[in-house]
Amino acid sequence: MATKKLLVKDSSNTFNDKLVTFAADVPEDVLCACCWNISSQLMADPRDHLYCKSCLAMLDNDGKFDCVTDYAVHNIDEMKDRSERFREALKLIANCPNEGCNYRATLREIMTHYKTCVVKMAKCPLCQKEVNKKALAAHISSVCEHRLVNCPYCGMEVEDRHLKNHMQDCDERPATCPHCAEEFDTFAELRDEHLPTCRSKPTNCPYARVGCNFQATANMMEKHASSCQHLSSLIDRVLHLEAELQDVKSALEEAKKDKEQLKQLIADKEDEYHKTDEYLRKNLQEDIDEVRTQVQKVERDYKTSESDLRARFQALEQRNTFLEEPIGKLLAEMATMN
């Protein structure tokens, strides 16, 4: 048997690719083995597996195809017409695919009805879906998932779509202790009053901190806790902690030594820096003094040279003045001789 909701592929595409809902599961002997829909153009392979023409065209591989049911290879030209299967499907009871239309009849009658089906639709004010106007009141009161309903346990109003989850978590729902199977009127009573003191609830051993992983009910735990095995566990735990403490102390001593060495290294570097700085300052001052001395010497030499040059220049000027007149006379005489 197949699904109740599927396509009906006839030559005129009567339902415009809308899914049609059937009153019961549809027999496989009227369905395409590939798409699982009803078709007016069914073909059968040699083993009577049905295919609609559109699926057969999709499977066609150079005139052959692989059967999707038993994977056997068949020739397309071996296929036989099985259009009579569609006539069998027309007898099945179905609903009109128009949303909001409640018409139910045989598929043949539905195909005729659908051509003239006109449904006046109205929008649900809660879920905003378009529904048959005549069925709007019934939709709001008993179908719409957004309608408010009361929780049967606490009476709280919740939307119908959330009711199931609310009931699973409602504090007022009946409950049974998972440990002792005692029943309670409400989950809140179980959670708040019973579970904290339930004698059948497994608890951890009070010596869990020293390595005991035993779990049992309160009655069994009393016997277990009185056993002497915990003393051995406690001693082992103490010895282990002492060893860890010794390791920590050793690590601290090493860290302290490293710290002192680092402090000494820093002090040595600071001392070296100060000595280097002092040495550089001293040498720099000596260099400055030497340069200053050389500059002063150059200045003195310059002043001496300048004084000598001025004296020589004045002497040359005097000689020039002294010789200027005799030379002029000599030049005049030479001119008259010519």
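Even glycines carry a Cβ here, placed using N, Cα and C.
TrEMBL entries are annotated by machine, without manual review.
Annotated coiled coil per TrEMBL: 231-308, in sequence order.
According to TrEMBL, the feature domain 'TRAF-type' maps to 112-164 (among others). In the predicted model, the domain 'TRAF-type' (112-164) shows an average pLDDT of 92.
Marked as domain 'TRAF-type' by TrEMBL: 166-222 (among others).
TrEMBL lists 112-164 (among others) with the feature zinc finger.
The zinc finger feature in TrEMBL is assigned to 166-222 (among others). Mapped onto DSSP helix, strand and coil, the zinc finger (166-222) counts 23 helix, 8 strand, 26 coil.
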